[in-house]
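Database features, via TrEMBL:
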BINDING   G10, T11, G12, G13, I14, G216, T217  NAD(+) binding site
REGION    60-79  region 'Disordered'
MOD_RES   K149  allysine
ACT_SITE  K149  active site, nucleophile
ACT_SITE  E220  active site, proton acceptor
ACT_SITE  H224  active site, proton donor and proton acceptor
Amino acid sequence: MDDVTFAVLGTGGIGRRTLEVSQHKDGLTPVAACDRNGIAVDHDGLDVGELLAATEGNVASEHAGNAPSGDDTRTDGGTAVKRHGEGAGVVASEQARPTETPIQDVIDESAAIDAVLLALPNLTHDFIPRTAERFAEAGYEGVLVDVLKRSRVIGMLDERADLFEESGITFVCGAGATPGFLTGAAALAAQSFVEVDEVEIWWGVGLKSGYEDNRGTVREDIAHLDGYDIESARELSDAEIEAIVDDHDGVIEFEDMEHADDVLLERAGICDAADVTVGGILDVRSDEKPTTTTVRVTGRTFDGERGTNTFQLDDATSMAANVNGPALGYLKTAVRMNRVGDYGVFGPADLLPVF
Ligand code: IKT
């Protein structure tokens, strides 16, 4: 495949690690990155080393996971953007400039960009669908990839499928680890069977050194705990999040999460959404995984046997590796499809990611 140019919306943990991982993959050139206060664009290729060094430990908005806000307006009332130090974000990079309209700025550049990765926390359910819609309405013809989590968002994207097809967009949704990599693994593991009874996804993440970078993801996870939802989690202050983490001694177990692996597997014809469960353990006080990430697919073979195929990730592989490697792999596949006119909304169980 020819060189693939891509942009990253959001430079929190996922956005920055995507830029970093892309440097280790063939044929990928990051050309734009933005957060809520700034944008860096270079169509010849960003200097990723400089951008990461300038932004490390320096998020523009902890509360929103460093994401551009949905309506492209800042919540600071437009006061001066810091160019250096804690809280500066992308504008601390010498390649960046401040902007109040980061998403629109990427849209304005997008005619020359093959793919856009939406590395944004979806802290209102329709934020990613609405952002994608803006690209379609601007006539973008290319690839969009997101790493969203919630089941109910997939339907919102499907509702916009005609719009994406008319625009010439190939959209891969839920292309991180779960949903994403592990959904794809379940789809492969299901191939031994003619009927799938159950898919169990169980993840383990150790996030001590990555905690600051991944506050947006942790906030989204907290929304799955009893007594919280996405709206109440969005309103929590950082101190309140800390208190929840402390209450659990830094180790939080999640059961029956609303993760889109269920609808994505149903959509791909593999099993009913109700037969899929997703849970896991997050340890923010250790970098060791508290449990081994495992996908178990139980089903019946054509010749009447019942069995369980198991797929495990090595404990040595980090969340950063397991979210961003697949996200870029799916992005490459989508570019290949887009170039032959294959448009619409696809899930990680419909495609194989390119290495
Ligand atoms: C995600 O970002 O895909 C979801 C997160 C879990 C990642 C699992 C990674 C497994 C591994 O590295 O072993 C979490 C639900 N925020």
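Cβ atoms here come from the backbone N, Cα and C positions, even for glycine.
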Which one is it: of the binding-site residues T11, T217, which Cβ has the fewest other Cβ atoms within 10 Å in this structure? T217
Which recorded positions from the set G10, T11, G13, I14, G216, H224 come near ligand 1, judged by a Cβ under 6 Å from any of its atoms? none
Cα-Cα separation of G13 (NAD(+) binding site) and K149 (allysine), in Å? 16
Taking 10 A as the limit, how many CB atoms besides its own sit near the CB of G10 (NAD(+) binding site)? 28
For a quick check of packing: other C-beta atoms within 10 Å of the C-beta of G12 (NAD(+) binding site), how many? 27
